[in-house]
Ligand code: COA
């Protein structure tokens, strides 16, 4: 059976490094608090690049390392909750930038689970043989929706983009997947768009808040439950058990969440790939950034089994169990 296999990875983060000490000049916080509660040391904050700029650079890296002509890309999906604009989609802007003239393109928003959802959508087109190659990007400029006066949230997030190219594979590729959403818990992590304001509406625009707000403890509780359930589900839907898995690549939100899950499932902490200390929470970009990081460090080899697991706003969660292929380029 045709599988959808990752053949190359790419990432891009803005040059501007913002340390915890830098943030402590903006809000009442300190390096020790942020590190001990989250594991984050620094993050990248964009000065003049928007989500499509980051996405384009991550995509160009994935195309270059995979030696793939943009004209051979059939589908571009950008997972983002911080698009440049309502219209056009960020995916269409990337298409223009990289000259992928034969692709159809759209954005999805599943917040921090967006990359998992995007890969799972693209996978369907490849497995049913309606397309050959897809570019999936997670890209965010969360800095534009973060409330820089709120120390509960502004310390957590960073800007960045990660990309993968999927193509048909036979023996390696996506083995199993699981996705779940809990819309009834959506208010725990939210950011509004523009208010409904028109000649017929009674909207009070002054009440409008378009910055991130979060119930941190509720999200923490949701995250650990979602990661545990997702890992169990993708394993159940495969012929593998946890000992067969080389790495778990979780959404990079908080080291304490990962630590809690590793203890609860009795999984060696070293099995979880963590790079949130350098980038913070980059939402839909965090998993593909981690994958590119691992790929460039030669951490994943042919036939390795890895689990990717995302969770976040919506609330959403999802995972993929992947058998890494020999064709993957660094
Ligand atoms: N610096 C210093 N103190 C801070 C602070 C900061 N940046 N942010 C909050 N505090 C204070 C609080 O005001 C509170 O003080 P008080 O006891 O005097 O009221 C104290 O620290 C504890 O706050 P609390 O919110 O209970 O901390 P916590 O241990 O729950 O940690 C999070 C907060 C946000 C780090 C944690 O809840 C978390 O990681 N949640 C998940 C968030 C997440 O991953 N979101 C994205 C999902 S995709």
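Placement of Cβ uses the backbone N, Cα and C atoms for every residue, glycine included.
Which of 247-251, 252-256, 257-261 counts as region 'ACP-binding' depends on TrEMBL, and there it is 252-256. Between residue 281 (active site) and residue 251 (active site), the C-alpha separation comes to 8 Å. You'll find the Cα of residue 112 (active site) roughly 7 Å from the Cα of residue 251 (active site). In the domain 'Beta-ketoacyl-[acyl-carrier-protein] synthase III C-terminal' (236-324), the DSSP tally of helix, strand and coil residues is 35 helix, 24 strand, 30 coil. In sequence order, 112, 113, 281, 286, 287, 309, 310, 311, 312 make up the list of same-chain residues 6 or more apart from residue 251 (active site) whose Cβ falls under 8 Å from its Cβ.
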